[in-house]
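Okay, so here's the structure we're looking at.
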Amino acid sequence: MDPKRSQKETVLITGGGGYFGFRLGCALNQKGVHVILFDISSPAETIPEGIKFIQGDICHLSDIEKAFQDADITCVFHIASYGMSGREQLNRNLIEEVNIGGTDNILQACQRRRVPRLVYTSTFNVIFGGQVIRNGDESLPYLPLHLHPDHYSRTKSIAEKKVLEANGTPLDRGDGVLRTCALRPAGIYGPGEQRHLPRIVSYIEKGLFKFVYGDPRSLVEFVHVDNLVQAHILASEALRADKGHIASGQPYFISDGRPVNNFEFFRPLVEGLGYTFPSTRLPLTLVYCFAFLTEMVHFILGRLYNFQPFLTRTEVYKTGVTHYFSLEKAKKELGYKAQPFDLQEAVEWFKAHGHGRSSGSRDSECFIWDGLLVFLLIIAVLIWLPSSVILSL
């Protein structure tokens with residue numbers, strides 16, 4: 001943002017207590033923008049001077065309206081969502097309340113409070129549902145809702161459509177119109193990331209990372225948190241009149257622009273923490289069957305014990321099936337330029353927080369986890385193999 005203009009900017013970030021929302025807020029604050037973080041949970045890090053945090057539930061319109069009070073908000077970054085991975089993917093009711101109901105509330109509040117710009121954080125998953133996509137672009141149609149393998153992706157697709165369809169909505173009192181756009185990021189990584197990397201490191205430390213799966217030539221994408229911050233700031237600018245409202249009503253794919261095999265991407269993390277990268281490779285369909293089995297077990301037992309599934313079906317697709325997208329539209333219309341990053345920062349972060357292999361540690365726990373993993377894999381194999389093969393054994 002232009003420093004001279006940014007002095008008059010006030011932005012509200014839903015999901016501002018999370019990893020990415022907080023990083024975005026800090027970056028905007030450094031540019032002189034007045035930042036309001038809105039989230040149900042407070043940030044894990046110390047809130048810098050000049051940033052205001054308001055605790056509230058996006059599912060409650062009254063909470064959102066309180067956050068809008070006493071502030072002439074010029075842009076909302078709607079990042080808050082629920083159900084991205086793990087056991088959260090299986091809580092359909094809360095996923096729908098947050099991702100669809102929360103988005104409806106934000107759109108209503110923007111209209112009432114005469115907010116001129118809204119940037120929505122979407123996902124690759126509105127297009128991808130397990131099919132191979134190579135260098136796809138924004139002209140691709142939405143994946144039909146009934147084909148989504150999880151409710152998170154389905155609700156994010158519905159919410160993105162609502163946001164883009166709201167572009168041009170008249171604001172209250174005839175004070176202009178609402179300009180909206182949506183960014184579709186790849187999987188986020190960076191030092192201190194709180195969702196994906198800690199789960200992966202936990203599996204590594206428990207001895208559960210015993211195999212990889214799928215075609216070794218499969219390619220996926222990731223986006224460093226700082227590249228995603230850059231994209232959101234550029235998108236907010238591209239909704240302004242001095243940029244010709246070029247981003248109005250538009251979706252954009254955002255990534256580092258470097259397709260890579262999922263497991264090779266994480267090799268530096270595994271080896272950097274002192275562990276051995278697995279050499280065993282399993283068929284994708286077998287692992288998908290295993291994921292389906294764990295989801296069924298969670299469905300049956302989840303109310304008694306809400307355990308973390310080892311993998312969900314969507315996670316198998318996301319990590320084992322080729323899908324990557326062109327950045328040309330984001331480059332041309334937003335001026336997006338992905339900077340080069342790797343996992344070294346994350347490795348150092350985990351080491352600084354006490355992670356990394358120490359000889360002889362956790363052996364008994366790893367043995368228990370190994371046994372459980374082998375047991376579930378045997379069941380998955382029995383389900384996966386054709387019945388004629390099983391009967392002949």
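Glycine is no exception: its Cβ is also placed from the backbone N, Cα and C atoms.
The shown structure was predicted, so the numbers you read here are calculated from the model rather than taken from an experiment.
Record features (Swiss-Prot):
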ACT_SITE  Y152  active site, proton acceptor
BINDING   K156  NAD(+) binding site
TRANSMEM  282-302  transmembrane segment
TRANSMEM  371-391  transmembrane segment
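The C-beta environment of the residue listed as 'active site, proton acceptor', restricted to residues of the same chain at least 6 apart in sequence and closer than 8 Å, consists of S81, Y82, G83, M84, E88, Q89, I95, N99, N125, T314.
On its own chain, the residue listed as 'NAD(+) binding site' has S81, N99, S122, T123, N125, V126 as residues at least 6 apart in sequence with a Cβ closer than 8 Å to its own Cβ.
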